[in-house]
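As given in TrEMBL:
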type	residues	note
COMPBIAS	199-214	compositional bias 'Low complexity'
REGION	181-214	region 'Disordered'
TRANSMEM	6-26	transmembrane segment
TRANSMEM	46-72	transmembrane segment
TRANSMEM	132-151	transmembrane segment
TRANSMEM	349-367	transmembrane segment
TRANSMEM	379-397	transmembrane segment
TRANSMEM	403-426	transmembrane segment
TRANSMEM	438-458	transmembrane segment
TRANSMEM	470-490	transmembrane segment
Amino acid sequence: MRHPPGSASAWLAHPATVTATILLLINDHLLKGLWPGPITGKLSDLAGLMVAPPLLALIRVPAPAAVILIGVGFTLVKTTETGAALASQAWTLLAGPSRVLADPTDLLALPALGLAWLIWCRSRTEQAVRQARTMIIIPVALIAVTATSAVPPPPSAVNVITDGEVITVLVGGPYDSDVITSRDGGRTWSRPPAPTPAPGATTTPSSTPSAVPAPVLSPWPTPVTLSCVPGHPSHCYRVVPPRLAVDESHDGGKTWDTAWGVSEGRQELLERVEAEDRGGWPGPWRGSQAVAVHPVPGGHVVVAANGEDGIAVRDADGTWRRLGFSPEGFSADAAYPLHAADVDLTAEYVLGFFAGLFAFLIGVAAARRDTLDGSGSAWAAYLLASAGLLLATMDLVRDDLLLPLFLFAGLVCAALSWASAIAAALPARLSARTWSLLIIMAAAVTGGIWTVFTGWISGVPDRYRVAVTVAWGIAITGTAVSALIGRWAAETRRKREDRPGEAPV
């Protein structure tokens, strides 16, 4: 079958379009979950605008019209609430519950349509279709991702109330909630026993099952974010969501100092833990939501409701304790550790492994740049590495039953990519020293990235974005060094060929 110049098939099969497709899948299924924000959002828009026109052209829409229609539609969706609502409904029909937001700043991605047009102008040969046909089928087959059942939300301390001798922490929502109380000034915490039915009582069909707490008939008070010591109105405490901290003032609120708090980096760690508790889906981080001051003999006790992290308690002697949820109520042993935490770093480890693989591939490419033999194996190595990365990172940010299968398939592709790269480099007759250096550099890149994120769990570095920056630096530096090693090997081979009889170096 012949593909005429500028056909939709050649356009969609162009390596640049295929790369944008893979980038779109990785960004939406992995990077947005790991690093939500404007960068991953704009990256999704850029890749999507490159992929959408050739897809539209598949239904016999002329290429110029496809580019214009996508541009007009994208503009309407991002600048009008009506357009965003219609897009949300359409996307919900295609991919399940979705929400598209109007954001005029996303129009910065419109130049990607110009790039899509240039790709169409250059996609004029059957070779593009032949080269990328295999790459196209993989992302298309993986677009339909199986849905997982909803994970029950973890308990969340949303409010704290003092009444006489009792301190009450509300856990959950205002109408479907539980309570945990303390009657000894915050030293111990327990859940009230379930009510015991009276002798001879019967259960009607409308009765609430014993396993489910009876609903609260009236809403709880709004969480108080500022509370002062009784009898000392100038001595106050406050919480400022979404910070996980309590501020203290001795001058009636004119100045504030942090009395207790968790650093921004450890707060990021706790956000990651909460996302894992939800099955991998990141949720809104609320931090400290309410605070209450409770008078006790010899001073006062402060209790802060810290959402899914539990509570923070200031004893009468000024000592702060961080308490997590336990079966009995709250306890210090149940608080999630801020250092050496058990966080799932599978995503970071997979990306580190493939960073080392790509560094190895770049080094091999540089070493065999003047060798025509083995080009098929080289292309196979690149395609297998890309497919392996896509498969291995599929659904990593969610607790998916298919995750082990995706990981296994990705690692198989990576192993085949290594084998193909070695086969491609055999005609170049690389020396044992060159092979050793390339393998050592790949291992150094992977090990370095793994070490950085393992250190982040332990608090060094404290901020996740610092760990990401260092990991990028390791990957870029390692890839550059691998390229230099390969270039040195190529130059050595060229000089050796000019002087026959010399042994490989």
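Backbone N, Cα and C atoms are what each Cβ position is placed from, and that goes for glycine too.
Most Cβ pairs under 8 Å to the transmembrane segment (349-367), among the stretches 6-26, 46-72, 403-426, 438-458, 470-490, belong to 470-490. Same-chain residues lying 6 or more positions outside the transmembrane segment (46-72) and placing a CB less than 8 Å from one of its CB atoms are 6, 8-9, 11-12, 14, 16-17, 20-21, 23-24, 27, 109-110, 112-113, 115-117, 119-120. Long-range Cβ contacts of the transmembrane segment (470-490) within its own chain (Cβ-Cβ under 8 Å, at least 6 residues beyond either end) map to 348, 351-352, 355-356, 358-360, 362-370, 428, 430-431, 434, 437-438, 441-442, 444-445, 448-449, 452-453, 461.
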